[in-house]
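To start, the structure itself, in structure tokens.
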Amino acid sequence: MESFLKEQRGGESVLDLSPRSTVGGGVEDVYGEDRASEDQLATPWTVSVASLRQYDVPLHKYMALMELEERNERLFYKLLINNVEELLPIVYTPTVGEACQKYGSIFRRPQGLYISLKEKGKILEVLRNWPERAIQVIVVTDGERILGLGDLGCQGMGIPVGKLSLYTALGGVRPSACLPITIDVGTNNEKLLNDEFYIGLKQKRATGKEYYDFLHEFMTAVKQNYGEKVLIQFEDFANHNAFELLAKYGTTHLVFNDDIQGTASVVLSGLVASLKLLGGTLGDHTFLFLGAGEAGTGIAELIALEMSKQTKVPVEETRKKIWLVDSKGLIVSSRKESLQHFKRPWAHEHEPIDNLLDAVKAIKPTALIGTSGVGKTFTKEKPLIMALSNPTSQAECTAEQAYTWTEGRAIFASGSPFDPVEFNGKCFMPGQANNAYIFPGLGFGLVISGAIRVHDDMLLAASEALAGQVTQEHYDKGMIYPPLANIRKISAHIAANVAAKAYELGLATRLPRPADLVKYAESCMFTPNYRSYR
């Protein structure tokens, strides 16, 4: 029977796992997204780009792009994919930070699903009101710690909306399979509570049992409505909740925290790539962090895991090569009892030090990583490598400062983009340790493999795949990340690596495994094509 059917199919076997069955990331094209323009004349998207460039204020560009997404989703993604380096800072950091701060004033219509405390007991019913059914990726926030800007409450919706637009543009997840959600439990931001244009609940934040019971109802309802393979990405939750939620649901749901795990993965990739310029292995270096929150401790743990993997030394030992400084100074063992639980693994034996500069002199790190959310805290006495806090105004130092202070010797990367810097006749290209390198490809890899859990080894696989995309040409320019212009190709390789790890760990449910995962990932990507001009 199979031989006959194979002939009918033009030589295609059932074992080939035809990508046509899962085009666009595993969801059938029930809404005609792939066929929408087949019988239409080509849309002149170049005109749309030109009209965007007429705006001088980034926030105005952001508003114009969001209106375009509402009006013509296909054209929005065509523009974003074709002009990713130009438009990424608009739909993502740094402009999205300003958009969240002013969200109530620029609000036109809801772009995602708002679930407030008033819906307690009815969350499943609220989820069923969302018009799309085949959801694969949810990005959810409670708005308590938006970038480095603090509690923005319901106005944090700009983050899930922006992240999911990148899941589609950079990772290839179908737009109809994406769901942005904001959990509205109030805000402690007095300015917003007194703002007549604030769109959320005007009450203090729910905490403790009330908060966790509400989140548990949400997590249970998501799984009940969308199944076990829907990816839930936690975004911009405060430290005290982020670790708790990740620990609680990591073994029961397909969950991922971009602030903890995504940032860690992209930074580790940069460090692995930088070894080609610095020499040695990760274990040969000593790391010092300014900032010991979600990002700092997440990055530190992934570096320690990679060191352990490379050296076969227990992770408890490799952690001793990594030091963290928080608002009270160097984290040391004498402070252990007063530390939050996620900081305790980093409390090493050392005399107390209350400031970063003295910590640098004592520890003598070869890599300094800033995740503090406090701008302009690196000075010329300190070694430099990564100033990661977002948005740009919160970066610990600028690219120009880094290259000037070190006379061009620094290997520099930041969380938000900086322009190229010319020093002593040489042009330096600042790296951007942008989570957009990792989370779209990581999420897409989980989707195409039908993964049911996220494992640390998948994060390491994503880091290694990204580092592998840096070429000698990039190294010659001092770059430790590949150009964002190639992000779709990069995401396909990351997705393939993550999917391979999911199959290896027995966490993948989409069987049989495709023979060529890179080609399979590319074939599954949503692509907003238009007809060519004739």
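Glycine too: its Cβ is placed from the backbone N, Cα and C atoms.
Annotation comment: TrEMBL describes Tyr92 as active site, proton donor. The active site, proton acceptor annotation in TrEMBL covers Lys163. If you look up TrEMBL, you'll see Arg145, Asn390, Asn434 marked as (S)-malate binding site. The divalent metal cation binding site annotation in TrEMBL covers Glu235, Asp236, Asp259. According to TrEMBL, the feature compositional bias 'Basic and acidic residues' maps to 1-10. The domain 'Malic enzyme N-terminal' feature in TrEMBL is assigned to 69-250. Among the features that TrEMBL reports, domain 'Malic enzyme NAD-binding' is placed at 260-503. If you look up TrEMBL, you'll see 1-21 marked as region 'Disordered'.
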Rounded Cα-Cα span from Arg145 ((S)-malate binding site) to Asp236 (divalent metal cation binding site), Å: 5
Residue among binding-site residues Asp236, Asp259 with least C-beta crowding, 10 angstrom cut-off: Asp259
Recorded positions near Arg145 ((S)-malate binding site), in sequence order, restricted to Tyr92, Lys163, Glu235 and a 10 Å Cα cut-off: Glu235
Averaged pLDDT, computed only over the residues in the domain 'Malic enzyme N-terminal' (69-250): 95
Asn434 ((S)-malate binding site) and Asp259 (divalent metal cation binding site), distance between Cα atoms, whole Å: 11
For the divalent metal cation site built from Glu235, Asp236, Asp259, further residues of that chain with CB within 8 A of the site's CB center: Thr141, Arg145, Ile146, Ile159, Phe234, Phe237, Ala242, Asn257, Asp258, Glu294
Cβ neighbour count (within 10 Å, all chains shown) around Tyr92 (active site, proton donor): 25
Nearest-integer angstrom distance between the alpha carbons (Cα) of Asn390 ((S)-malate binding site) and the residue listed as 'active site, proton donor': 11
Candidate recorded positions Lys163, Glu235, Asn434, pick with smallest Cα gap to Tyr92 (active site, proton donor): Lys163
CB within-chain contacts under 8 A for Asn434 ((S)-malate binding site), separation at least 6: Leu88, Tyr92, Thr93, Val266, Gly415, Pro417, Tyr481, Leu484
Among Arg145, Lys163, the most crowded of the recorded positions [Cβ within 10 Å]: Lys163
Asn390 ((S)-malate binding site) CB neighbourhood, other CB atoms within 10 A: 25
Farthest-apart CA atoms of Arg145, Asn390, Asn434, residues recorded for (S)-malate, distance in Å: 18
Glu235 (divalent metal cation binding site): tally of other CB atoms within 10 A of its CB: 29
Distance [Cα-Cα, Å, rounded] between the residue listed as 'active site, proton acceptor' and Glu235 (divalent metal cation binding site): 9
